[in-house]
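Note sheet for the following structure.
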Amino acid sequence: MSNIVAIVGRPNVGKSTLFNRLIEQKKAIMDNVSGVTRDRHYGYGEWIGKYYTVIDTGGYVVGSEDTFEGAIREQVELAIEEADVCLFVVDCTTGITDLDKDFAKVLRKSKKPVYIVANKADTYEKGMDAVEFYELGMGDPFAIAAESGSGTGDLLDAVVSHFEEEGVENPNAGIPKIAILGKPNVGKSSFLNALLGKERSIVTDIAGTTRDAIDNHYNMFGKDFIITDTAGIRRKAKMEDNIEYYSFLRTIKAMEECDIAVILIDATTIDLQTGLQAQDMNIISMADRAKKGIVLMINKWDLVEKDSMTSKRMEDAIRQRMAPLNYMPIIFTSVKEKQRIFQAVEMILDVYENKTKKIPTSKLNDVMLKVIENYPPPAWKGKYIKIKYMTQLPTKSPSFVMFCNLPQYIRESYERYLENQMREHFDFTGVPIQIFFRQK
Ligand SMILES: Nc1nc2c(ncn2[C@@H]2O[C@H](COP(=O)(O)OP(=O)(O)OP(=O)(O)O)[C@@H](O)[C@H]2O)c(=O)[nH]1
Ligand SMILES: Nc1nc2c(ncn2[C@@H]2O[C@H](COP(=O)(O)OP(=O)(O)OP(=O)(O)O)[C@@H](O)[C@H]2O)c(=O)[nH]1
């Protein structure tokens, strides 16, 4: 079970406006790195302590009033397949259109929850018009105005009622879930197959209940882990026209479900001057924002002409490009020649350890208060800033809260310094960490 909301509907009803409402607008560090564009199609949001991913199908659903039903069906079916809740947006100011009816026809067959969202209900009177959409036969419409946010609270209450709380008991809790990600043709399937080879011992095959993907449950080095199959090979043949859209959905789904994202990059595409390509950077940035553990696996190493310095130079180029995100380990592999595959698995499991470890409060304070004493936060407008103590929060990925007198005056450069110090003293290789400042 993952927490994915898909927004569907005909053009111009307000899907992207709703999308922006539902996602956190906080700027991620990664957005400042050149070559990464904020994707308008997915984002993360939170409502009363539940976290979710939102997909806006907007740009993908080819948009004109004469779109024929088949095209809609394919796009919508894909979204439904990957999502857990669907928001079907319609427009109060226009009422039901033929295209809305086409969408409804497809959506009614969905076994997943679908909510009708009657947007542009800017006034109470307009909201009353929303009753018209009962006619679509999909239950009570939620009258909202995405632009002002009115009505979105009730909608979100309904949406998150389908989502699990963090830490809800499930039989696979505590077992690392690994997603193998990367651009087409980098060797994802080959890596999976290499792991499926003679060394593996499958414990169980757990078939997904609502889709055809199978989570592969392994034991290696005496440790259990699950590899989420994201290769999507099974459906590929069928999806010829839509591979980009489909692989986008799969990546989001896999990302949402995993603990560790193993991102494969084709070594032959790495430039010693410019490092990684934009598409690789986007996947990495997505994993960082989703607070996943990350391992960069530079594959097809056998094809690179190299001397003893090549890997060092390549790693430097990558790290330079990734800065300030340089916490992920990098391994050079050849899946084809079975080079360093098991080291890669060990690395993945180490990152999982780092992601799940809890540092005792006393140890944290012993180390970090000394660090802070040696280099305290610079005063701001003549005000002296004092960090008093800190503790780790019980979250799925490491986050810490530091209590201080004037949290609002802690500058980003100092935050960065603290993060680097944390990483120096405690091993968080491969793991995004967050530090929050609270008043005390
Ligand atoms: N009055 C009013 N207008 C809105 C509201 N929400 C969105 N709009 C307007 O509706 C228009 C379309 O909004 P978008 O969010 O771009 O619609 P979309 O469904 O993503 O459109 P496509 O990208 O074409 O699929 C814009 O001009 C918005 O300003 C609302 O709550 N009230
Ligand atoms: N030389 C070399 N070729 C490799 C290596 N790993 C994979 N390949 C080849 O690269 C091609 C693509 O490999 P796949 O495993 O299908 O790649 P993929 O990432 O799953 O590709 P998509 O399914 O299209 O996303 C195949 O021809 C593989 O044999 C490697 O380490 N070295």
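From the backbone N, Cα and C atoms, a Cβ is placed for every residue, glycine too.
Copied over from TrEMBL, here are the features:
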- 3-167: domain 'EngA-type G' (DOMAIN)
- 9-16, 56-60, 119-122: GTP 1 binding site (BINDING)
- 176-356: domain 'EngA-type G' (DOMAIN)
- 182-189, 229-233, 299-302: GTP 2 binding site (BINDING)
Candidates T57, N185: member of the binding-site residues with the richest Cβ shell (10 Å): T57
Closest of G9, N12, K15, T57, A121 to G182 (GTP 2 binding site), Cα positions, binding-site residues only: T57
Residue among binding-site residues G9, N12, K15, T57, A121 with Cα closest to the Cα of K188 (GTP 2 binding site): T57
Minimum Cα separation from W301 (GTP 2 binding site), reported as the residue among binding-site residues G9, N12, K15, T57, A121 that achieves it: T57
Rounded inter-Cα distance in Å - T57 (GTP 1 binding site), N185 (GTP 2 binding site): 25
Secondary structure of K15 (GTP 1 binding site) (DSSP, helix/strand/coil): helix
Listed binding-site residues with Cβ under 6 Å from ligand 2, out of K15, A121, N185, K188: N185, K188
Among N12, K15, N185, W301, the binding-site residues whose C-beta sits under 6 Å from ligand 1: N12, K15
Overall pLDDT of the domain 'EngA-type G' (3-167), taken as the mean: 78
Helix, strand or coil at K188 (GTP 2 binding site) [DSSP, three-state]: helix
